[in-house]
Amino acid sequence: MSWQQKIDAALAARRSANALRRRTTVDQGTGRWLTFSGRRYLNFSSNDYLGLSQHPQVVRAWQQGAERYGVGSGGSGHVSGYTTAHRALEAALADWLGYARALLFISGFAANQALIAALMTKEDRIIADRLSHASLQEAASLNPASLRRFAHNDVGHLARLLDQPCPGRRLVVTEGVFSMDGDGAPLAEIARAARDGDAWLLVDDAHGIGVTGEQGRGSCWHQRVKPELLVVTFGKGFGVSGAAILCADDVAEYLLQFARHLIYSTSMPPAQAQALRASLAILRSAEGDERRAALAARVARFRAGVRRAGFAPTASHSAIQPLWVGDNLRALALAQALRDRGCWVTAIRPPTVPAGTARLRLTLTCSQRTEDIDRLLEALHDAGQ
Ligand SMILES: *Cc1c(COP(=O)(O)O)cnc(C)c1O
């Protein structure tokens, strides 16, 4: 098969499964309204859960950072790209989350690749929740360490896998809030199983950080768990982008030697680090509490009405509300019917989710108003008919 034939065949297979992915060019994709092609829609697709991507203090911090430092960092943090802005953000994150150290990465995807690649060797074993994010699955499957997957949130299954002999060390991997299902992990039980199995625990809290727990400290803090490795990302609740790994002092020193995505990559712009520090200050403040309360109220209203709209309520109490559809074409048709009614919703299809579990992934944010939720429920009711 030639390169051309390979590419043609792969695209044809996606098309025939109604699984071809396309990007939509929107004019504005965060906030209460998503604007596309001159029309505005109520936005139920963004991960900017707390509306911080457009917060004046965050925007201003980025502008002032750019005026002070310029727009690029100019290099890897190991050369000249680690500024006082980066150091201040790392210190603030470590203080907020109760860790000795925080290390910044340009994305959550990069942080997960770097962490697993730097830690694991051939004789080691990764034991990951079956529904872990693509960035974790990718890192694990590319790694020479063996990979075992436990049934979603099944601590008994995890404990049995931890009982199996392994020549090296073991790393248990899970998430605070699952990105496609919106449910949380039983972190206290998972941490206990990991400890009993002499394993370390890695929790990726991309969707919990900023959004849950006291001062927005996330799923681990909320469940009084302190994993050896905590990954937080800044593209969701923080409203910006980037990520950090929280860990002990010697682990941070180790990663500074061996985390290749850190060493051989340009660090985030210092202005972005300034914006992130502004975002963190809001998350920790009374305003952060108000935004989290507004989001929780939207989630409660949606969940209370979803059955009347003709859909089964899910296990999710987070901002991510999946509506199970099953069939790819039906999921696409439903998303389109909702757009026709002014609500922008994304259909998620395999391979992002398991085969036969196509769904609508609705995200709720504090930028929405009560009447927006009611309009969504009405649209769901009509579109589902
Ligand atoms: C979004 C997400 C990531 C990737 O983070 P980016 O900063 O967007 O690269 C990693 N893990 C989980 C669970 C996510 O939801």
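A Cβ is built for glycine as well, from the same backbone N, Cα and C atoms used for every other residue.
Automatic prediction, not curation, is the source of TrEMBL annotations.
Annotated substrate binding site per TrEMBL: Arg21, His133, Thr352, in sequence order. The feature pyridoxal 5'-phosphate binding site is assigned by TrEMBL to Gly108, Phe109, Ser179, His207, Thr233. Residues or ranges marked as domain 'Aminotransferase class I/classII large' by TrEMBL: 41-380. Taken from TrEMBL, the feature N6-(pyridoxal phosphate)lysine applies to Lys236.
With respect to ligand 1, the binding-site residues Arg21, Thr233, Thr352 contribute Thr233 as residues with a C-beta closer than 6 angstroms to one of its atoms, given in sequence order. Of all Cα pairs drawn from Gly108, Phe109, Ser179, His207, Thr233, which the record names as binding pyridoxal 5'-phosphate, the longest spans 14 Å. Residues Arg21, His133, Thr352 are the ones the record ties to substrate, and the longest Cα gap between any two of them is 18 Å.
Around Ser179 (pyridoxal 5'-phosphate binding site), the C-beta neighbours below 8 angstroms that are at least 6 residues distant in the chain are His133, Ala206, His207, Ile320. The distance from the Cα of Gly108 (pyridoxal 5'-phosphate binding site) to the Cα of Lys236 (N6-(pyridoxal phosphate)lysine) comes to 11 Å.
Considering only the binding-site residues Arg21, Phe109, Thr352, the residue whose Cα is spatially closest to the Cα of Lys236 (N6-(pyridoxal phosphate)lysine) is Phe109.
Taking the mean position of the Cβ atoms of Gly108, Phe109, Ser179, His207, Thr233 as the pyridoxal 5'-phosphate site, the remaining residues of that chain whose Cβ falls within 8 Å of it are His133, Ser135, Asp204, Ala206, Val231, Gly235, Lys236, Ala243. In this structure, Phe109 (pyridoxal 5'-phosphate binding site) is part of a helix by DSSP. Sequence-distant neighbours of Phe109 (pyridoxal 5'-phosphate binding site): residues of the same chain at least 6 apart with a C-beta under 8 Å from its C-beta are Ser135. With the fewest other C-beta atoms within 10 Å around its C-beta, Thr352 stands out among the binding-site residues Thr233, Thr352. Ranked by Cβ neighbours within 10 A across all protein chains shown, the binding-site residues Arg21, His133 are led by His133.
Residue density at Gly108 (pyridoxal 5'-phosphate binding site): 25 other Cβ atoms are found within 10 A of its Cβ, drawing on all protein chains shown. Along the domain 'Aminotransferase class I/classII large' (41-380), the predicted structure has mean pLDDT 96. On a Cα basis, Thr233 (pyridoxal 5'-phosphate binding site) lies 24 Å away from Arg21 (substrate binding site). Spacing of Thr233 (pyridoxal 5'-phosphate binding site) relative to Thr352 (substrate binding site) is 19 Å (Cα to Cα, whole number).
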